[in-house]
C-alpha cells in the first residue's frame, strides 16, 4: 500500500517542490510514472508517423509553400491531439498542461513563419518561439529553485551568445540575446525540477529536462548555421532534436495525472 504523501493543488505546477513531509519520490511513485509514460505510447503514434512523413518527403527549403509548411507543422499538430486526447476536463483542471498546449500552438506558428524566413519572417518565428518558451517556463514552475542548475545553464547561454555576437548585426544583436535568455530560463526550470541527487524525480520530469536540453541544442544549431557558418547536415540535426524536444515536453504534461493519482490514493 502506498504511504500517504502531501500533494499540491492540481492547478499548481506539476514540477513544484514535493512539499513538507515528502523528502523523496517513493519507488512506487516512480513505477507509476514509468507506467504512465509507457501507456502514452499509442497516443503518440500519429506524431511518429507524421515525423516520418516529414523526413521521407524532405521537401526543399528553397521552395517554400503552404504544403511544405503543413508537412513541417504536422508533427506538432499531432502533439496538439496528444494533449487533447487526455480530455478537456484534464486540460481545464491542470494549468501546466494548458500552458504546454499553448506553447505547442505558438511553436507551430513559429514553424510556419520559418518556412518563409528568407522572405523576412525569421524574426516573426523567433517571437512565436519566445512566447512558447515563456509558456513552458511557467508550466515547469519556480520550485524547486535549484540555483546551481541556473548558474550552469546561465553560463552556457552566456558563452553561446558571446560566440554568436561577432556575427550578429542590426536588430538581431539584441533579439538573439533576448531569445537565448528566454530559452536558457526555460531550460533552467526544466532541469531544476529533476533533482536526481535527492531522488526527487519521475520519468515525466526526466522528459521535461531532456526536452528542454534538446530544444536548446536545436536552436543553437539554427543560430550557428544562420549567422556563423554552415553546419553539416544542419537541417537533419535541427529537426530531429526539435521534434524530439517537443514530444518530450508534451509527454511531461502527464505528470499532472500522476499528481492527481497520488492525491486520490493518499
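Quick reminder: no glycine exception, Cβ is built from N, Cα and C everywhere.
In TrEMBL, the transmembrane segment annotation falls on 100-116 of the listed ranges 49-65, 100-116. With respect to Cβ pairs under 8 Å, the transmembrane segment (122-141) is most closely packed against 174-194, considering the stretches 174-194, 206-224, 236-254. Within the chain, the transmembrane segment (100-116) has long-range Cβ neighbours (under 8 A, six or more residues past its boundaries) at 61, 64-65, 68-69, 72-73, 76-77, 79-80, 83-84, 91, 122, 124-129, 131-133, 135-136, 139, 246, 249-250, 252-253. Below 8 angstroms of C-beta separation, residues 176-177, 180-181, 183-184, 187-188, 191-192, 216, 220, 223-224, 227-228 of the same chain, each at least six residues beyond the ends of the transmembrane segment (148-168), sit close to that stretch.
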